[in-house]
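Per Swiss-Prot, these features apply:
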| type | residues | note |
| --- | --- | --- |
| DOMAIN | 9-695 | domain 'Myosin motor' |
| DOMAIN | 721-741 | domain 'IQ 2' |
| DOMAIN | 812-1005 | domain 'TH1' |
| MOD_RES | A2 | N-acetylalanine |
| MOD_RES | S200 | phosphoserine |
| MOD_RES | Y536 | phosphotyrosine |
| REGION | 572-594 | region 'Actin-binding' |
| REGION | 776-896 | region 'Interaction with calmodulin' |
Amino acid sequence: MAEQESLEFGKADFVLMDTVSMPEFMANLRLRFEKGRIYTFIGEVVVSVNPYKVLNIYGRDTIEQYKGRELYERPPHLFAIADAAYKAMKRRSKDTCIMISGESGAGKTEASKYIMQYIAAITNPSQRAEIERVKNMLLKSNCVLEAFGNAKTNRNDNSSRFGKYMDINFDFKGDPIGGHINNYLLEKSRVIVQQPGERSFHSFYQLLQGGSEQMLHSLHLQKSLSSYNYIRVGAQLKSSINDAAEFKVVADAMKVIGFKPEEIQTVYKILAAILHLGNLKFIVDGDTPLIENGKVVSVIAELLSTKADMVEKALLYRTVATGRDIIDKQHTEQEASYGRDAFAKAIYERLFCWIVTRINDIIEVKNYDTTVHGKNTVIGVLDIYGFEIFDNNSFEQFCINYCNEKLQQLFIQLVLKQEQEEYQREGIPWKHIDYFNNQIIVDLVEQQHKGIIAILDDACMNVGKVTDGMFLEALNSKLGKHGHFSSRKTCASDKILEFDRDFRIRHYAGDVVYSVIGFIDKNKDTLFQDFKRLMYNSSNPVLKNMWPEGKLSITEVTKRPLTAATLFKNSMIALVDNLASKEPYYVRCIKPNDKKSPQIFDDERCRHQVEYLGLLENVRVRRAGFAFRQTYEKFLHRYKMISEFTWPNHDLPSDKEAVKKLIERCGFQDDVAYGKTKIFIRTPRTLFTLEELRAQMLVRVVLFLQKVWRGTLARMRYKRTKAALTIIRYYRRYKVKSYIHEVARRFHGVKNMRDYGKHVKWPTPPKVLRRFEEALQSIFNRWRASQLIKTIPASDLPQVRAKVAAMEMLKGQRADLGLQRAWEGNYLASKPDTPQTSGTFVPVANELKRKDKYMNVLFSCHVRKVNRFSKVEDRAIFVTDRHLYKMDPTKQYKVMKTIPLYNLTGLSVSNGKDQLVVFHTKDNKDLIVCLFSKQPTHESRIGELVGVLVNHFKSEKRHLQVNVTNPVQCSLHGKKCTVSVETRLNQPQPDFTKNRSGFILSVPGN
């Protein structure tokens, strides 16, 4: 929901003023400043007044209020313009730039930092580590560049003494992926001299105030600022910047960015070397130049990783090549001092440029492929020195003010001139608004052959000794009649200007008097080749790489380098061309007073800035103009989905007609104008409503696309799955066939083998056939068994079946099953086993057959049995297919007990070689016996007994439980007891004895 400020704070947008006049503009600006509202809109331009105090309007909560909101929805703020530039870049894939302008001390540097902070905060919602790393480095680069490129001036405690333009690269999702920094015209003369009330660059003070005692000792420094000539002027000045704290912040930032420890140490050594250079004093002994404090030379040589004698020679002599001859020309005291200062300035400039290059190497976009990652878009942020008028204005102020003229010209071209020309070109009704075009001042400075820079270059190239006065004379002769140039010679009555020293330029921001003293020297930017060779020969690789031209031979003839002014002019032209290629957003900074006071609003001072920034003309153009314009084709491409007449494609005669239909459908026809090739929208609210409608339709479009795409994916997945299943099915069929064929091949002819294929190894089956293999092996084993059984006589088959049953039940659990001998079964009828009583047993057996009608005798044998009264007796058991009989052989095999087989629930035997067996019955009257044979003795018959009984029960489809355990559990008339087996050496025959838990069967040992 849109939030508007109360009228007590004035008009939030100058476009909403009742009348467009300077008094009303200034009254609104003053009211908002006094109410703590430092930002005001002019349409899509933000006017910012430096509050000279800390305001709590840049926190995370404020960022969230502006994130993704339109300009008119929230009160004026830097975040609003930053978000507008970001949205334009992301929505339309168009490069944008934010140009921050205003004079020195108006708050440009702080504004750029807040804009960077906002962009960093609203990007990378998914918290990708690489994006966070890039954002962190982009933010940290600010404080590093401020330390080495900013200084305290009379107008600003943190004045940028260089120009900075940063491109931030974004991927297709709108997340920062890298950047690039361009720097312009570092004010290196500040290294050696400062005006009263000013300081050198922050880096020197931070090192001395924040460096540890150990570090300063290693650099041969002391904390006293007044000990060093180059910074003595500002040593006692108070600054709002805490140098000691900032030193740690900058050091940490350099580590975060990626500077190596040895690189950071080299930076400190260079700063220390410059401070020591400033303390060098030269004297002349006759014709020989000398250094008064020679120990300092050794310190400088140590810091620069070179030799002291080489440093001394470079400071006192100049090597000159004349043809093939090379001579060392002695310096005068003045020339030596000049060379020392030029060397100090050059070292610092190279250091600063190296820092910028090093940051660029680290933050540049790497491995970005537009075909894979989408278009790489850019937001540029320009923070460059503001317009300056000092008591003494020299070459640096001339370049700085020329830069501001170029930027003002760009503003005029884009906002005032081109916009009005576009309305006329497109046939939009328009009343021309007058404005001051400063192109005449730009031409005065940069015009080929006729401009001040061209005249300065000509003077520098003249043979012989050329003075600054000669340069001024050339200006007078060539520009004397120019309306924006004057000097004492062209305007003799103007006593402000001194003869042979001053000239005045009528800039768009006001008149500035420049002193020509130093123009020639600063433009030539002379540094003797000896110093370049000295630094190139340093053993420190970082220093060596800063001076690549030092490798040139002394006799090598080089092309005359471009002058400082021409280099700066070329860089400004390139900068303006770069900015002109992007969609611009403006922050116009105003300085409320020269006393840095948060309470004072200097009307005259502010009025002057409003006038030269062209803000009133900007208001007039904005009130009469349109907030947005776009070609019909692009407009239709973005918004066609919000009307059924244009979605998905229109059938109207032209895109213009289609756009008209779309606008009428939405009811915005009163807020637009139709040009020849573009549509013009007057208010941002209409554009915002179009965006809302588009966003609503995009949901439906996305759902439709998702439905179609998901359907396509599902069909593709189904086809792939079906194809995969077909492949799997055929592959499995192939594997099955291969397996079957291999089995058939291996087992071919096994019927004719002696072992019927027992030795044949089965092939490894596929997983799907493992159960089939088990079944197949079972079938094969059954077949093989049937083949083996065919060789057995029919009379032996019952015995074989019984042995198989015994094996199934007892194999692996008992040592001897008696499988190797023939099983007779009815041992009581066998004469070898019972020679005296066999004749008596047979009639008894026949009588029982007649009586009980049994069909087969399963087993009979002599046993020793124990009863519940612990009485041990010799008995015999006779097992038929119907009953189990317990007999007394001493009484002619009288039947002592008959147990029907259906009453038998199981057998229990031990796991040893003994013949213990317990017959379990349903009535819990178990029969405990130990089998024994008389001929041969100790013959094992347990396996035979178990086998015939289990086989018989199986034939009747009943199950007989067989337990193999020691001790054996049993029940005598319902009483639980155990029978354990012990082996005794002197035991003649098996015998039972009583113990606490039941019985012990003692069997003879070996």
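Glycine is no exception: its Cβ is also placed from the backbone N, Cα and C atoms.
If you take the Cα of Y536 (phosphotyrosine) and the Cα of the residue listed as 'phosphoserine', they are about 26 angstrom apart, rounded to a whole number. In the three-state DSSP classification, Y536 (phosphotyrosine) falls within a helix. Break the domain 'IQ 2' (721-741) down by DSSP state and the numbers are 21 helix, 0 strand, 0 coil. Secondary structure counts, DSSP: the region 'Interaction with calmodulin' (776-896) has 53 helix, 31 strand, 37 coil. Residue counts for the region 'Actin-binding' (572-594) by DSSP state, with H, G and I taken as helix and E and B as strand, are 9 helix, 8 strand, 6 coil. Taken together, the residues in the domain 'TH1' (812-1005) have a mean pLDDT of 88 on the 0 to 100 scale.
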